[in-house]
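Notes follow the structure.
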Amino acid sequence: MPNASSWSASSPLLLLWEDSSGTRIFLSLLYAVLAISGTLSNVMVIYLVFSFKKLQTTSNAFIVNGCAADLSVCALWMPQEAVLGLLPPNSSSLRSAEYRLLRGGLLGLGLTVSLASHLLVAFNRYVLITKLPSVYQALYQRRHTGCMIGLSWALALLPVPLLPGLWTLGSAQSDGSSRYTALLLALAVLGQTALLLHCYLGIVRRVRGSAKRVSVLNFHLLHQLPFPAAPPPPRRAQRRLSSVSVLLLCCVFLLGTQPLVWVSLLGFFLRPAPPALQAASWLLLCSLSALNPLLYTWRSEEFRRAARSVLPRGDGPAAAPRPSAAA
């Protein structure tokens, strides 16, 4: 059986040093479940937005951008990890530098664009709710929106060559470059998280003083719906419900990103965290790719109606889907 350092240099499961076949099988099954559920949910959101004109908003364009990035993780990277986890540790596939570079690139590209899309959605909602309509319309023209999406992919391509260094984090034989790569990753995620929290907490403060904008937080505009909307809840309950929804989204995001941030900082400034803790922090971050579609659509009545209209045994009428370019 390989020792800890040799296993860490060739592990397909990121920071897993366990040489137990049972552990590798368990993680492979976990990756398989996340891959299937994440691929289906991301594809469903993309299909609904492209098929239903009502869903083609600027905010949903950023959500679709995140779903496309998450497919890089769920549909391309996770299935490979699920299969490779079942191979023996001395398999030649695990030791191929080129193949490790490919897997690291897919993971890095997908996660970077996905995290950038979180921030773009948060900033879009922040401007929509806290600024004048003229400011929002000037900032989020179709051309500007396309440039923002393209920039998220362009910036994500820059750090891709650094990703393979993360595979040896925590190893006693890891070099200084991988430690600095981990520090760079942690600081980037920490900065992105601070900006995202600033946007959403600003939204919560604004909504608590204005129930008129609550429908935007639910990701749809009630007064523009072509079908009768349910009677709105009382003003106080409505504000509380919307604030809880935003805070819940923030909590899930923090749970998925912050363990890796602090594990990386701990490994750089003090000593490497236990291998199991490092593996768990990576799994939490990767699991966001499967959860993101639900985070942004579970409160939207428009998404639910559209989904019921295309899924078997739908229980409500909806506008017939028609292809059209996303806003």
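The backbone N, Cα and C atoms fix where each Cβ goes, glycine too.
No curator has checked TrEMBL annotations; they are predicted automatically.
Feature annotation from TrEMBL assigns transmembrane segment to 25-50, 62-80, 100-123, 144-162, 182-203, 244-270, 276-298. Among the features that TrEMBL reports, domain 'G-protein coupled receptors family 1 profile' is placed at 41-296.
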Query - Same-chain residue ranges lying at least 6 outside the transmembrane segment (276-298) that approach it to Cβ under 8 Å - result: 13-16, 18, 27, 30, 34-35, 37-38, 41-42, 44-45, 63, 66-67, 69-70, 73-74, 78, 107, 110-111, 114, 118, 121, 169-170, 219, 249, 252-253, 255-257, 259-260, 263, 267, 304
Query raised in the report: Which residues, given as numbers and ranges, are at least 6 beyond the ends of the transmembrane segment (244-270) yet have a Cβ under 8 Å from it?
Result: 115, 118, 169-170, 179-180, 182-183, 185-186, 189-190, 193, 196-197, 200-201, 203-204, 207, 217-218, 277-278, 280-282, 284-285, 287-288, 291, 295-296, 299
Report summary line: The predicted model's mean pLDDT over the domain 'G-protein coupled receptors family 1 profile' (41-296) is 77
